[in-house]
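Peer 1: Attaching a single structure in structure tokens format; questions to follow.
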Amino acid sequence: MAAVVGVSLKRGFSATALGRVGLQFQACREAQTAAAAAPRIKTFAIYRWDPDKAGDKPRMQTYKVDLNKCGPMVLDALIKIKNEIDSTLTFRRSCREGICGSCAMNINGGNTLACTRRIDTDLGKVSKIYPLPHMYVIKDLVPDLSNFYAQYKSIEPYLKKKDESQEGKQQYLQSIEDREKLDGLYECILCACCSTSCPSYWWNGDKYLGPAVLMQAYRWMIDSRDEFTEERLAKLQDPFSLYRCHTIMNCTQTCPKGLNPGKAIAEIKKMMATYKEKRALA
């Protein structure tokens with residue numbers, strides 16, 4: 001310290017001036033510490049409903065969280081609320097990295113993943129959280145995805161070969177170019193954000209397969225290793241499974257992975273036109 005003071009004095013600074021600088025620096029640090037310690041209270045309004053409670057009706061319940069003591073994502077706030085404020089709050093979550101799709105929900109009016117959606121730091125705004133829309137609710141933020149998964153199963157989302165004699169004995173290879181055709185399709189995590197944002201799916205969810213399932217159907221239709229493309233197309237010929245899509249494009253807008261289900265559906269429609277022409281000429 002003496003050496004520093006000596007250098008400072010040689011440059012024209014007095015010991016008194018140096019002392020003032022030190023005091024100002026200390027005051028600045030104390031002010032920063034005080035500012036950081038000031039609570040930043042954020043209000044969350046969360047949909048609650050417990051079917052096991054007699055007479056319980058859906059309602060919005062508010063919780064207050066100090067953002068200084070919480071992670072940056074909405075899922076961090078939900079976990080903090082469950083762990084420290086209300087253990088009865090129920091929601092799905094797993095990977096916390098936008099990979100599994102478990103924590104899909106409606107946050108401030110848009111379907112997204114709670115683990116990748118940052119908390120709105122405007123303390124004057126209430127963050128509203130609902131389960132995925134137009135789905136039966138099991139409890140709180142947990143939607144019933146039974147119909148969604150049944151529809152996914154119906155498209156047989158796996159590689160199908162007409163000659164299965166070599167199954168398990170050799171690899172089914174494909175070119176780099178054919179593999180690249182699957183980009184933007186295989187990344188789907190089946191979170192159902194797109195399907196539950198689609199008005200056509202709201203109206204005809206029992207018959208219309210929805211954007212998530214149709215995009216996966218297209219993924220297998222264009223896989224060069226699959227040999228059941230025509231059979232897959234034949235399953236979609238009825239008026240509802242495919243053709244309830246009216247290109248509203250909510251699906252593409254809301255996809256948390258940045259995929260384009262609307263485009264995939266349009267490609268299936270083009271394939272269907274060719275398929276029907278081929279059948280008419282047969």
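Note: Cβ is positioned from N, Cα and C throughout, glycine not excepted.
Sharing the feature lines straight out of Swiss-Prot:
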type	residues	note
BINDING	Cys95, Cys100, Cys103, Cys115	[2Fe-2S] cluster binding site
BINDING	Cys188, Cys191, Cys194, Cys255	[4Fe-4S] cluster binding site
BINDING	Cys198, Cys245, Cys251	[3Fe-4S] cluster binding site
BINDING	Trp203	ubiquinone binding site
DOMAIN	56-135	domain '2Fe-2S ferredoxin-type'
DOMAIN	178-208	domain '4Fe-4S ferredoxin-type'
MOD_RES	Lys53	N6-acetyllysine
MOD_RES	Lys57	N6-acetyllysine
REGION	148-220	region 'Interaction with SDHAF1'
TRANSIT	1-30	transit peptide
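So that I understand the layout, could you describe where these features sit and how close they are to other parts?
Peer 2: According to DSSP, Cys103 ([2Fe-2S] cluster binding site) sits in a coil region rather than a helix or strand.
According to its DSSP assignment, Cys194 ([4Fe-4S] cluster binding site) is coil. Residue density at Cys194 ([4Fe-4S] cluster binding site): 30 other Cβ atoms are found within 10 A of its Cβ, drawing on all protein chains shown.
Applying an 8 A CB threshold to same-chain residues 6+ apart, the list for Cys251 ([3Fe-4S] cluster binding site) reads Cys194, Ser195, Ser197, Cys198, Pro211, Ala212, Pro261, Gly262.
Using a 10 Å Cβ-Cβ cutoff, Trp203 (ubiquinone binding site) registers 12 neighbours.
Cβ atoms under 8 Å from those of the domain '4Fe-4S ferredoxin-type' (178-208) belong to residues 98-102, 104, 110-113, 132-135, 143, 145, 147-148, 152, 215-216, 218-219, 222-224, 238, 240-241, 244-246, 248, 250-257, 259-261, 264 of the same chain, restricted to positions at least 6 beyond its ends.
Taken residue by residue with DSSP, Lys53 (N6-acetyllysine) is part of neither helix nor strand, so it is coil. Counted within 10 Å of its Cβ, the other Cβ atoms near Lys53 (N6-acetyllysine) come to 10, all protein chains included.
All chains included, 8 other C-beta atoms sit within 10 angstroms of the C-beta of Lys57 (N6-acetyllysine).
On the 0 to 100 pLDDT scale, the region 'Interaction with SDHAF1' (148-220) averages 96 in the predicted structure.
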Peer 1: Determine the minimum-neighbour residue: among Cys95, Cys100, Cys103, Cys191, Cys255, listed as binding-site residues, which Cβ has the fewest other Cβ atoms within 10 angstroms?
Peer 2: Cys95
Peer 1: Neighbours of the [2Fe-2S] cluster site Cys95, Cys100, Cys103, Cys115: Cβ within 8 Å of the Cβ centroid, same chain, sequence order.
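Peer 2: Going along the sequence, the neighbours appear as Leu75, Arg93, Ser94, Arg96, Glu97, Gly98, Ile99, Gly101, Ser102, Leu113, Ala114.
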Peer 1: For the recorded [3Fe-4S] cluster site formed by Cys198, Cys245, Cys251, which further same-chain residues have Cβ atoms within 8 Å of the site's Cβ center?
Peer 2: Cys194, Ser195, Ser197, Ser200, Tyr201, Gly210, Pro211, Leu214, His246, Thr247, Ile248, Met249, Asn250, Pro261, Gly262, Ile265
Peer 1: Quick check: which same-chain residues outside Cys188, Cys191, Cys194, Cys255 lie with their CB within 8 A of the centre of the [4Fe-4S] cluster site CB atoms?
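Peer 2: Residues close to the [4Fe-4S] cluster site, other than Cys188, Cys191, Cys194, Cys255: Gly101, Ile189, Leu190, Ala192, Cys193, Ser195, Pro211, Ala212, Met215, Cys251, Thr254, Pro256, Lys257, Leu259, Pro261.
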Peer 1: Would you mind ranking the binding-site residues Cys115, Cys188, Cys198, Cys245 by how many other Cβ atoms sit within 10 Å of each Cβ and giving me the lowest?
Peer 2: Cys188
